[in-house]
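**Q** One structure coming up, written as structure tokens, with questions to follow.
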């Protein structure tokens, strides 16, 4: 396979994600219409050269150099396609804040895979990119919806194959994501979880997940209220999020159908009907404000197209 011409440029747009949604720990996630944009350009130099240029209005940043997730993902593509690495520049426009539970790491992984693949005229199929993305991230709940879009349930089957189910999301159900000006790493959020759980907690979560998925499919308020409940991770993680339970209670009092930690946190997801999203958003921001924490709570739609790319110069 030939190395792309100097100057070839690919633009990749990757949606943010909210994972778990309460009971769907490490298997359920939805893509949202908040995006990071990555522009990849073939530049002069060998495969060890990877230039990362970030544009952000709020001080967010990604780690540069060979350890960067974008570069690591690109390397996986080169290895899988059996090609020699080549020099790349990645210009990143950040809108998805890192360490907030919105899948910023997943956007970097997915962008690196798609960008490196597309700049070589896409030798790897999407199924292979999904496999690589899950391998790099270590769990599927962010990278799968980030790549495919929509609400995705991903599980490893008895044959050890990843099975992905695209689940329905009723048009009447909207998402409010309260994003505080504090950070929480996924590794820290995982450290507080127990290594073993009671069987009763596992059974509770299986039932809750079934109720939630049916509620999201049909738009049934009661099923969403009863299904957005977790016993596996949230009881241990709420204590890491200052004011988290107060924000959750404020959202529910304002009419939210359900509330959960978005991914590993600290952002908080509230599901609501479209006619009361503004009230829920204001209540969540106010609850954090009362504790001296700045936040914003955008009203977001589920993004169904997943990651997109286009060639803007070169062949």
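Cβ coordinates are placed from backbone N, Cα and C, and glycine is handled just like the others.
From Swiss-Prot, here are the annotated features:
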type    : residues                                           : note
BINDING : 97, 98, 99, 100, 101, 102, 103, 104, 105, 106, 107 : ATP binding site
**Q** Sort residue 107 (ATP binding site) into helix, strand or coil using the DSSP assignment.
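**A** It is helical.
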**Q** Excluding 97, 98, 99, 100, 101, 102, 103, 104, 105, 106, 107, please set out which residues of the same chain place their CB within 8 Å of the center of the CB atoms of the ATP site, keeping sequence order.
**A** 16, 96, 263
**Q** Return one of helix, strand or coil for residue 97 (ATP binding site), based on DSSP.
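**A** The residue in question, residue 97 (ATP binding site), is coil (DSSP, three-state).
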**Q** Can you check which residue among the binding-site residues 97, 101, 103 has the largest number of Cβ atoms within 10 Å of its own?
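**A** Sorting the candidates by Cβ neighbours within 10 Å, the top entry is 103.
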**Q** I want to check the contact list for residue 99 (ATP binding site): same chain, sequence separation of six or more, C-beta distance under 8 angstroms. What comes out?
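**A** Listed in sequence order, they are 183, 184, 185, 186.
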**Q** If you count other CB atoms within 10 A of each CB, which of 105, 107 wins among these binding-site residues?
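**A** Its Cβ has the most other Cβ atoms within 10 Å: 107.
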